[in-house]
Amino acid sequence: MVVGTGTSLALSSLLSLLLFAGMQMYSRQLASTEWLTIQGGLLGSGLFVFSLTAFNNLENLVFGKGFQAKIFPEILLCLLLALFASGLIHRVCVTTCFIFSMVGLYYINKISSTLYQATAPVLTPAKVTGKGKKRN
């Protein structure tokens with residue numbers, strides 16, 4: 001099921017806001033054990049993905065279709081937002097958020113490159129026929 005850019009902007013913005021609020025509401029519980037600090041980093045990575053989706057959808061609405069997110073400022077801004085939100089919970093959450101976000105960004109890039117990049121035809125060089133050195 002595919003939704004439009006405006007609907008995706010609204011949904012991803014709402015999910016980003018709810019995830020940030022949930023992380024702040026349960027920050028004491030997320031910082032209580034080792035496994036929950038890793039879970040806090042995973043939630044921060046989800047915040048990164050949702051905020052990047054919202055930011056890119058907003059750019060597509062403003063600048064037109066086909067506008068792609070670049071490393072600076074879109075990805076860095078969303079990553080810093082997610083790392084800041086994770087840092088409000090625990091400092092280990094920042095590290096796990098960064099690791100999970102980089103893994104998620106790798107797979108997002110891999111999937112989007114297979115879907116949206118057109119393959120350029122490969123040009124093979126023509127065989128040069130001519131006189132070369134004569135061998136005796």
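Cβ atoms are placed via backbone N, Cα and C, with glycine included.
The membrane topology recorded in Swiss-Prot places F72 on the side opposite to T114.
For T124 (phosphothreonine), no same-chain residue 6+ apart in sequence has a C-beta under 8 angstroms from its C-beta.
Among residues of the same chain six or more beyond the topological domain 'Cytoplasmic' (24-34), those with a C-beta under 8 A of the stretch's C-beta atoms are 40, 43, 85, 88-90, 92-93.
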